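To keep things clear, I will list the structure first and then write my remarks on it.
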Amino acid sequence: MVTMEELREMDCSVLKRLMNRDENGGGAGGSGSHGTLGLPSGGKCLLLDCRPFLAHSAGYILGSVNVRCNTIVRRRAKGSVSLEQILPAEEEVRARLRSGLYSAVIVYDERSPRAESLREDSTVSLVVQALRRNAERTDICLLKGGYERFSSEYPEFCSKTKALAAIPPPVPPSATEPLDLGCSSCGTPLHDQGGPVEILPFLYLGSAYHAARRDMLDALGITALLNVSSDCPNHFEGHYQYKCIPVEDNHKADISSWFMEAIEYIDAVKDCRGRVLVHCQAGISRSATICLAYLMMKKRVRLEEAFEFVKQRRSIISPNFSFMGQLLQFESQVLATSCAAEAASPSGPLRERGKTPATPTSQFVFSFPVSVGVHSAPSSLPYLHSPITTSPSC
């Protein structure tokens with residue numbers, strides 16, 4: 001057990017005062033500041049969210065950094081995780097921790113009331129162990145009551161996913177009417193109803209219709225568009241930045257060869273504090289595939305998590321069979337790359353004698369036709385019915 005002597009506790013009211021002071025003082029407390037809060041002593045505090053990616057995405061304490069501790073990480077950890085495993089995309093945070101630049105780290109889960117109630121194999125416990133090995137001079141505190149209590153008492157210091165406007169289902173046609181799967185009772189195709197959906201604060205997903213609506217784009221603060229098609233026009237080239245990925249929505253298309261270029265483009269827009277709309281014709285297959293690849297690469301999550309995350313925001317996404325297969329292969333490469341980085345890290349797990357870390361293929365390019373059945377099951381993700389399975393070396 002993680003005992004009281006090993007882990008200090010912090011009341012929600014104390015964290016609220018820190019955040020309020022930091023906000024009034026103009027300090028770094030936003031989500032773009034790597035979870036850093038200013039302390040009265042002049043030091044800096046790091047806020048770590050130890051909940052799963054989907055829970056963090058649904059709502060989180062402002063400025064917190066989400067740690068990665070999914071099933072794959074737990075299986076490999078064997079009771080001990082590295083900073084590279086739990087913070088794979090936060091190089092600056094890892095460097096600051098190792099340099100002792102944080103005076104304190106506050107960790108929180110969903111609702112743990114006290115440190116003594118934590119299990120040894122809980123995410124918080126594993127994270128605390130990693131912090132104690134790599135940031136020995138840093139105070140570590142558990143937020144009492146976790147996100148559940150803090151968000152209940154101080155919702156103004158939390159960010160929650162906006163409720164999505166429900167898209168009315170198509171009205172079943174009568175026996176005398178022709179079947180039109182693409183339209184609802186209002187005559188507007190289902191994929192064009194509503195507006196683009198927010199995947200991340202700087203990343204939106206939509207259709208060609210949305211890309212042609214300048215009023216929608218301006219209302220969302222869109223500054224760039226990623227056109228994942230060979231035939232959709234770029235309507236406002238003098239007003240927005242454009243990039244085209246000429247991929248057809250068929251089983252022969254190699255969309256994975258564009259993954260890294262698309263990811264770099266999205267990051268470039270993000271770095272300029274812009275917002276990008278990724279679209280194809282319907283915003284269902286090609287553009288959804290790019291958004292899934294981005295989440296997998298940058299958030300270091302598996303396809304299962306990324307798919308569920310995007311589907312919660314745009315329920316009609318359905319990458320074609322080949323694209324799903326290429327995403328599964330991309331998942332293997334992302335995981336293999338993470339493992340190689342961990343093995344090369346000074347604090348990473350020791351390599352077993354005679355074994356070498358997995359080496360990913362270059363450029364994350366996979367060009368092959370595959371068939372992956374996509375079905376809608378209420379209690380499982382579509383691609384889980386696929387005959388394709390991946391067994392990452394790590």
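Backbone N, Cα and C define each Cβ position, glycine as well.
Per Swiss-Prot, the residue annotated phosphoserine among S112, S386 is S386. Cβ contacts within 10 Å of C280 (active site, phosphocysteine intermediate), excluding its own Cβ and spanning all protein chains shown: 29. Applying DSSP to the domain 'Rhodanese' (41-159) sorts its residues as follows: 51 helix, 23 strand, 45 coil.
Across the domain 'Tyrosine-protein phosphatase' (195-336), DSSP classifies residues as 69 helix, 20 strand, 53 coil.
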